[in-house]
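As given in Swiss-Prot:
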type     : residues : note
TOPO_DOM : 1-25     : topological domain 'Extracellular'
CARBOHYD : N5       : N-linked glycosylation site
TRANSMEM : 26-49    : transmembrane segment
TOPO_DOM : 50-57    : topological domain 'Cytoplasmic'
TRANSMEM : 58-79    : transmembrane segment
TOPO_DOM : 80-100   : topological domain 'Extracellular'
DISULFID : C97-C189 : disulfide bond
TRANSMEM : 101-120  : transmembrane segment
TOPO_DOM : 121-139  : topological domain 'Cytoplasmic'
TRANSMEM : 140-158  : transmembrane segment
TOPO_DOM : 159-195  : topological domain 'Extracellular'
TRANSMEM : 196-219  : transmembrane segment
TOPO_DOM : 220-235  : topological domain 'Cytoplasmic'
TRANSMEM : 236-258  : transmembrane segment
TOPO_DOM : 259-269  : topological domain 'Extracellular'
TRANSMEM : 270-289  : transmembrane segment
TOPO_DOM : 290-314  : topological domain 'Cytoplasmic'
Amino acid sequence: MDQINHTNVKEFFFLELTRSRELEFFLFVVFFAVYVATVLGNALIVVTITCESRLHTPMYFLLRNKSVLDIVFSSITVPKFLVDLLSDRKTISYNDCMAQIFFFHFAGGADIFFLSVMAYDRYLAIAKPLHYVTMMRKEVWVALVVASWVSGGLHSIIQVILMLPFPFCGPNTLDAFYCYVLQVVKLACTDTFALELFMISNNGLVTLLWFLLLLGSYTVILVMLRSHSGEGRNKALSTCTSHMLVVTLHFVPCVYIYCRPFMTLPMDTTISINNTVITPMLNPIIYSLRNQEMKSAMQRLQRRLGPSESRKWG
(Lines of atoms letter the chains of each structure in order from A; the text may use other names.)
(Lines give C-alpha, C1' and ligand atoms only; values in the text may rest on other atoms or scores of the structure.)
Protein backbone atom coordinates (compact mmCIF):
# COMPACT_ATOMS: atom_id res chain seq x y z
CA MET A 1 0.00 0.00 0.00
CA ASP A 2 1.14 3.51 -0.70
CA GLN A 3 2.08 5.45 2.36
CA ILE A 4 -0.06 8.45 3.12
CA ASN A 5 1.77 11.73 2.85
CA HIS A 6 1.31 13.50 6.18
CA THR A 7 3.10 16.70 5.10
CA ASN A 8 1.11 19.64 6.38
CA VAL A 9 -0.79 21.71 3.83
CA LYS A 10 0.95 25.07 3.42
CA GLU A 11 -2.07 27.02 2.19
CA PHE A 12 -5.79 26.80 1.53
CA PHE A 13 -7.66 27.91 -1.58
CA PHE A 14 -11.01 29.71 -1.53
CA LEU A 15 -13.55 28.96 -4.24
CA GLU A 16 -14.73 31.88 -6.33
CA LEU A 17 -18.14 33.36 -5.61
CA THR A 18 -18.57 33.79 -9.35
CA ARG A 19 -16.54 33.23 -12.51
CA SER A 20 -17.47 36.65 -13.88
CA ARG A 21 -14.74 39.25 -13.31
CA GLU A 22 -17.27 42.04 -13.84
CA LEU A 23 -19.55 40.63 -11.15
CA GLU A 24 -16.60 40.17 -8.79
CA PHE A 25 -15.68 43.83 -9.24
CA PHE A 26 -19.30 44.83 -8.61
CA LEU A 27 -19.33 42.74 -5.41
CA PHE A 28 -16.04 44.37 -4.38
CA VAL A 29 -17.58 47.85 -4.73
CA VAL A 30 -20.71 46.84 -2.79
CA PHE A 31 -18.91 45.07 0.05
CA PHE A 32 -16.23 47.76 0.26
CA ALA A 33 -19.00 50.35 0.73
CA VAL A 34 -20.63 48.14 3.37
CA TYR A 35 -17.31 47.72 5.21
CA VAL A 36 -16.61 51.47 5.19
CA ALA A 37 -20.14 52.08 6.49
CA THR A 38 -19.54 49.48 9.21
CA VAL A 39 -16.32 51.09 10.40
CA LEU A 40 -17.59 54.68 10.20
CA GLY A 41 -20.99 53.90 11.74
CA ASN A 42 -19.56 52.04 14.71
CA ALA A 43 -16.74 54.58 15.09
CA LEU A 44 -19.35 57.35 15.21
CA ILE A 45 -21.08 55.58 18.09
CA VAL A 46 -17.76 55.18 19.92
CA VAL A 47 -16.87 58.87 19.46
CA THR A 48 -20.36 60.09 20.38
CA ILE A 49 -20.52 58.09 23.60
CA THR A 50 -16.96 59.07 24.53
CA CYS A 51 -17.51 62.81 23.94
CA GLU A 52 -21.06 63.11 25.29
CA SER A 53 -21.05 63.13 29.11
CA ARG A 54 -24.79 62.43 29.26
CA LEU A 55 -24.13 59.02 27.77
CA HIS A 56 -21.57 57.99 30.38
CA THR A 57 -23.82 55.27 31.78
CA PRO A 58 -23.40 51.47 31.93
CA MET A 59 -25.77 50.88 28.99
CA TYR A 60 -23.86 53.20 26.66
CA PHE A 61 -20.50 52.03 27.95
CA LEU A 62 -21.54 48.51 26.91
CA LEU A 63 -22.83 49.80 23.58
CA ARG A 64 -19.50 51.54 22.94
CA ASN A 65 -17.62 48.31 23.55
CA LYS A 66 -20.10 46.44 21.34
CA SER A 67 -19.33 48.91 18.52
CA VAL A 68 -15.58 48.36 18.96
CA LEU A 69 -16.21 44.62 18.81
CA ASP A 70 -18.26 44.97 15.61
CA ILE A 71 -15.37 46.79 13.94
CA VAL A 72 -12.94 44.08 15.05
CA PHE A 73 -15.26 41.24 14.02
CA SER A 74 -15.83 42.65 10.55
CA SER A 75 -12.13 43.44 10.05
CA ILE A 76 -11.08 39.84 10.69
CA THR A 77 -12.58 38.57 7.42
CA VAL A 78 -13.80 41.41 5.19
CA PRO A 79 -10.47 43.08 4.17
CA LYS A 80 -9.05 39.71 3.06
CA PHE A 81 -12.34 38.98 1.27
CA LEU A 82 -12.14 42.29 -0.59
CA VAL A 83 -8.56 41.63 -1.70
CA ASP A 84 -9.53 38.17 -2.94
CA LEU A 85 -12.39 39.58 -5.01
CA LEU A 86 -9.78 41.45 -7.06
CA SER A 87 -7.28 38.57 -7.13
CA ASP A 88 -7.00 35.64 -9.50
CA ARG A 89 -5.44 33.45 -6.82
CA LYS A 90 -7.55 33.34 -3.68
CA THR A 91 -5.40 31.68 -1.02
CA ILE A 92 -4.52 31.90 2.64
CA SER A 93 -1.54 30.31 4.37
CA TYR A 94 -2.07 27.60 6.97
CA ASN A 95 -0.79 29.84 9.78
CA ASP A 96 -2.94 32.78 8.68
CA CYS A 97 -5.94 30.46 8.48
CA MET A 98 -5.44 29.28 12.06
CA ALA A 99 -4.99 32.91 13.15
CA GLN A 100 -8.20 33.90 11.38
CA ILE A 101 -10.09 31.08 13.09
CA PHE A 102 -8.68 32.18 16.45
CA PHE A 103 -9.64 35.85 16.11
CA PHE A 104 -12.98 35.06 14.46
CA HIS A 105 -14.05 32.92 17.42
CA PHE A 106 -12.47 35.35 19.86
CA ALA A 107 -14.61 38.22 18.59
CA GLY A 108 -17.66 36.02 18.04
CA GLY A 109 -17.45 34.51 21.52
CA ALA A 110 -16.92 37.91 23.15
CA ASP A 111 -19.92 39.22 21.21
CA ILE A 112 -22.19 36.56 22.72
CA PHE A 113 -21.06 37.48 26.23
CA PHE A 114 -21.47 41.21 25.50
CA LEU A 115 -25.04 40.65 24.37
CA SER A 116 -25.66 38.71 27.58
CA VAL A 117 -24.23 41.50 29.73
CA MET A 118 -26.37 44.04 27.87
CA ALA A 119 -29.47 41.93 28.59
CA TYR A 120 -28.49 41.73 32.27
CA ASP A 121 -28.03 45.51 32.37
CA ARG A 122 -31.51 46.11 30.94
CA TYR A 123 -33.03 43.60 33.36
CA LEU A 124 -31.53 45.39 36.37
CA ALA A 125 -32.58 48.81 35.05
CA ILE A 126 -36.21 47.72 34.70
CA ALA A 127 -36.64 45.11 37.45
CA LYS A 128 -34.57 46.83 40.15
CA PRO A 129 -34.48 50.55 39.26
CA LEU A 130 -33.87 51.67 42.86
CA HIS A 131 -30.78 49.46 43.19
CA TYR A 132 -29.53 49.79 39.62
CA VAL A 133 -26.91 52.46 40.33
CA THR A 134 -25.29 50.44 43.11
CA MET A 135 -25.60 47.05 41.39
CA MET A 136 -24.15 48.38 38.11
CA ARG A 137 -21.51 50.68 39.55
CA LYS A 138 -18.39 51.27 37.46
CA GLU A 139 -16.35 48.45 39.00
CA VAL A 140 -19.09 45.95 38.14
CA TRP A 141 -19.63 46.83 34.50
CA VAL A 142 -15.91 47.16 33.83
CA ALA A 143 -15.43 43.68 35.31
CA LEU A 144 -18.27 42.33 33.14
CA VAL A 145 -16.72 43.81 30.00
CA VAL A 146 -13.29 42.37 30.84
CA ALA A 147 -14.90 38.99 31.58
CA SER A 148 -16.60 39.07 28.16
CA TRP A 149 -13.31 39.66 26.35
CA VAL A 150 -11.55 36.99 28.41
CA SER A 151 -14.36 34.49 27.80
CA GLY A 152 -14.12 35.11 24.06
CA GLY A 153 -10.37 34.49 24.25
CA LEU A 154 -10.81 31.21 26.12
CA HIS A 155 -13.42 30.06 23.62
CA SER A 156 -11.12 30.76 20.66
CA ILE A 157 -8.12 29.13 22.34
CA ILE A 158 -10.14 25.94 22.78
CA GLN A 159 -11.14 25.97 19.09
CA VAL A 160 -7.57 26.32 17.86
CA ILE A 161 -6.02 23.88 20.36
CA LEU A 162 -8.48 21.21 19.23
CA MET A 163 -7.59 21.76 15.57
CA LEU A 164 -3.80 22.08 15.71
CA PRO A 165 -3.05 18.34 16.20
CA PHE A 166 -4.99 17.37 13.06
CA PRO A 167 -2.86 16.74 9.93
CA PHE A 168 -3.79 18.37 6.63
CA CYS A 169 -2.15 16.43 3.84
CA GLY A 170 -4.42 16.41 0.80
CA PRO A 171 -7.46 18.49 -0.20
CA ASN A 172 -7.03 22.16 0.58
CA THR A 173 -9.98 23.92 -1.11
CA LEU A 174 -12.61 25.72 0.97
CA ASP A 175 -16.05 26.55 -0.41
CA ALA A 176 -16.02 29.82 1.53
CA PHE A 177 -14.40 33.26 1.54
CA TYR A 178 -12.73 32.88 4.95
CA CYS A 179 -11.43 30.03 7.09
CA TYR A 180 -14.79 28.57 8.00
CA VAL A 181 -13.87 26.20 10.82
CA LEU A 182 -16.42 23.54 9.91
CA GLN A 183 -15.00 23.23 6.39
CA VAL A 184 -11.39 23.36 7.55
CA VAL A 185 -12.03 20.45 9.93
CA LYS A 186 -13.46 18.35 7.08
CA LEU A 187 -10.19 18.74 5.14
CA ALA A 188 -8.15 16.98 7.84
CA CYS A 189 -6.80 13.62 6.63
CA THR A 190 -7.95 11.73 9.71
CA ASP A 191 -11.18 10.84 11.44
CA THR A 192 -12.76 14.04 12.78
CA PHE A 193 -16.05 12.60 14.07
CA ALA A 194 -15.20 13.18 17.74
CA LEU A 195 -14.11 16.77 17.08
CA GLU A 196 -17.22 17.46 14.98
CA LEU A 197 -19.45 16.06 17.73
CA PHE A 198 -17.70 18.20 20.33
CA MET A 199 -17.98 21.36 18.22
CA ILE A 200 -21.67 20.75 17.54
CA SER A 201 -22.32 20.30 21.26
CA ASN A 202 -19.98 23.10 22.35
CA ASN A 203 -20.80 25.67 19.66
CA GLY A 204 -24.18 24.58 18.37
CA LEU A 205 -26.17 23.51 21.41
CA VAL A 206 -24.65 26.15 23.67
CA THR A 207 -25.40 28.86 21.08
CA LEU A 208 -29.00 27.65 20.67
CA LEU A 209 -29.61 27.48 24.43
CA TRP A 210 -27.97 30.89 24.94
CA PHE A 211 -30.15 32.36 22.19
CA LEU A 212 -33.32 30.97 23.75
CA LEU A 213 -32.20 32.20 27.18
CA LEU A 214 -31.64 35.74 25.89
CA LEU A 215 -34.97 35.79 24.06
CA GLY A 216 -36.63 34.54 27.24
CA SER A 217 -34.89 37.24 29.27
CA TYR A 218 -36.08 40.01 26.97
CA THR A 219 -39.57 38.53 26.95
CA VAL A 220 -39.60 38.75 30.75
CA ILE A 221 -38.38 42.35 30.54
CA LEU A 222 -41.12 43.23 28.04
CA VAL A 223 -43.73 41.68 30.33
CA MET A 224 -42.39 43.77 33.21
CA LEU A 225 -42.74 46.90 31.09
CA ARG A 226 -46.50 46.38 30.94
CA SER A 227 -46.72 47.69 34.49
CA HIS A 228 -44.80 50.85 33.57
CA SER A 229 -46.25 53.92 31.92
CA GLY A 230 -45.24 57.18 30.28
CA GLU A 231 -42.10 58.18 28.42
CA GLY A 232 -39.85 55.88 30.44
CA ARG A 233 -41.83 52.85 29.28
CA ASN A 234 -41.59 53.85 25.62
CA LYS A 235 -37.85 54.48 25.93
CA ALA A 236 -37.23 51.12 27.61
CA LEU A 237 -39.45 49.35 25.07
CA SER A 238 -37.51 50.87 22.17
CA THR A 239 -34.17 49.91 23.74
CA CYS A 240 -35.21 46.32 24.45
CA THR A 241 -36.67 45.73 20.99
CA SER A 242 -33.43 47.04 19.46
CA HIS A 243 -31.43 44.64 21.61
CA MET A 244 -33.72 41.73 20.68
CA LEU A 245 -33.28 42.50 16.98
CA VAL A 246 -29.48 42.57 17.30
CA VAL A 247 -29.53 39.32 19.31
CA THR A 248 -31.62 37.67 16.59
CA LEU A 249 -29.36 38.93 13.79
CA HIS A 250 -26.31 37.58 15.60
CA PHE A 251 -27.60 34.21 16.82
CA VAL A 252 -29.74 32.95 13.93
CA PRO A 253 -26.74 32.54 11.56
CA CYS A 254 -24.73 30.89 14.36
CA VAL A 255 -27.54 28.42 15.07
CA TYR A 256 -27.82 27.64 11.35
CA ILE A 257 -24.06 27.10 11.01
CA TYR A 258 -23.31 25.09 14.14
CA CYS A 259 -26.52 23.18 14.99
CA ARG A 260 -26.17 20.66 12.16
CA PRO A 261 -23.72 18.07 10.84
CA PHE A 262 -20.58 19.39 9.16
CA MET A 263 -21.62 19.63 5.52
CA THR A 264 -21.70 22.30 2.82
CA LEU A 265 -25.15 23.62 1.93
CA PRO A 266 -26.13 26.09 -0.84
CA MET A 267 -27.10 28.79 1.68
CA ASP A 268 -23.79 28.69 3.59
CA THR A 269 -22.07 31.51 1.69
CA THR A 270 -25.12 33.77 1.88
CA ILE A 271 -25.47 33.19 5.62
CA SER A 272 -21.74 33.79 6.15
CA ILE A 273 -21.83 37.07 4.21
CA ASN A 274 -24.82 38.19 6.25
CA ASN A 275 -23.09 37.27 9.51
CA THR A 276 -19.65 38.76 8.81
CA VAL A 277 -20.37 41.64 6.41
CA ILE A 278 -23.96 42.84 6.75
CA THR A 279 -24.84 42.44 10.45
CA PRO A 280 -21.93 44.55 11.81
CA MET A 281 -23.13 47.38 9.55
CA LEU A 282 -26.76 47.07 10.72
CA ASN A 283 -25.97 47.22 14.43
CA PRO A 284 -25.14 50.97 14.59
CA ILE A 285 -28.20 51.72 12.43
CA ILE A 286 -30.45 49.78 14.79
CA TYR A 287 -28.97 51.28 17.95
CA SER A 288 -28.86 54.88 16.71
CA LEU A 289 -32.05 55.25 14.67
CA ARG A 290 -34.21 53.69 17.39
CA ASN A 291 -32.54 55.58 20.24
CA GLN A 292 -33.57 59.21 20.69
CA GLU A 293 -30.79 59.87 23.23
CA MET A 294 -28.18 58.67 20.75
CA LYS A 295 -29.62 60.75 17.91
CA SER A 296 -29.75 63.85 20.13
CA ALA A 297 -26.16 63.27 21.28
CA MET A 298 -24.99 62.97 17.66
CA GLN A 299 -26.75 66.24 16.81
CA ARG A 300 -25.12 67.99 19.78
CA LEU A 301 -21.73 66.62 18.74
CA GLN A 302 -22.29 67.87 15.20
CA ARG A 303 -23.19 71.36 16.46
CA ARG A 304 -20.18 71.36 18.76
CA LEU A 305 -17.83 70.49 15.90
CA GLY A 306 -19.57 72.76 13.39
CA PRO A 307 -18.33 76.19 14.59
CA SER A 308 -14.74 75.03 14.92
CA GLU A 309 -14.82 73.72 11.36
CA SER A 310 -16.24 77.05 10.19
CA ARG A 311 -13.45 78.99 11.90
CA LYS A 312 -10.92 76.59 10.44
CA TRP A 313 -12.02 77.30 6.89
CA GLY A 314 -13.13 80.92 7.42
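Start at 1 and count along the chain as shown; that gives each residue its number.
Positions of Cβ are set from backbone N, Cα and C atoms, glycine also.
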Contact between the transmembrane segment (101-120) and the transmembrane segment (270-289) (at least 3 Cβ pairs under 8 Å, separation 6+): no
Per DSSP, three-state class assigned to C97 (disulfide bond): helix
C-beta crowding around C189 (disulfide bond), within 10 angstroms: 15
Helix, strand and coil totals (DSSP H, G, I; E, B; other) for the topological domain 'Cytoplasmic' (220-235): 11 helix, 0 strand, 5 coil
Same-chain residues at least 6 beyond the ends of the topological domain 'Cytoplasmic' (50-57) whose Cβ lies under 8 Å from its Cβ atoms: 64, 293-294, 297, 300-301, 304
Candidates 140-158, 196-219, 236-258, 270-289; stretch with most C-beta pairs under 8 Å toward the transmembrane segment (58-79): 270-289
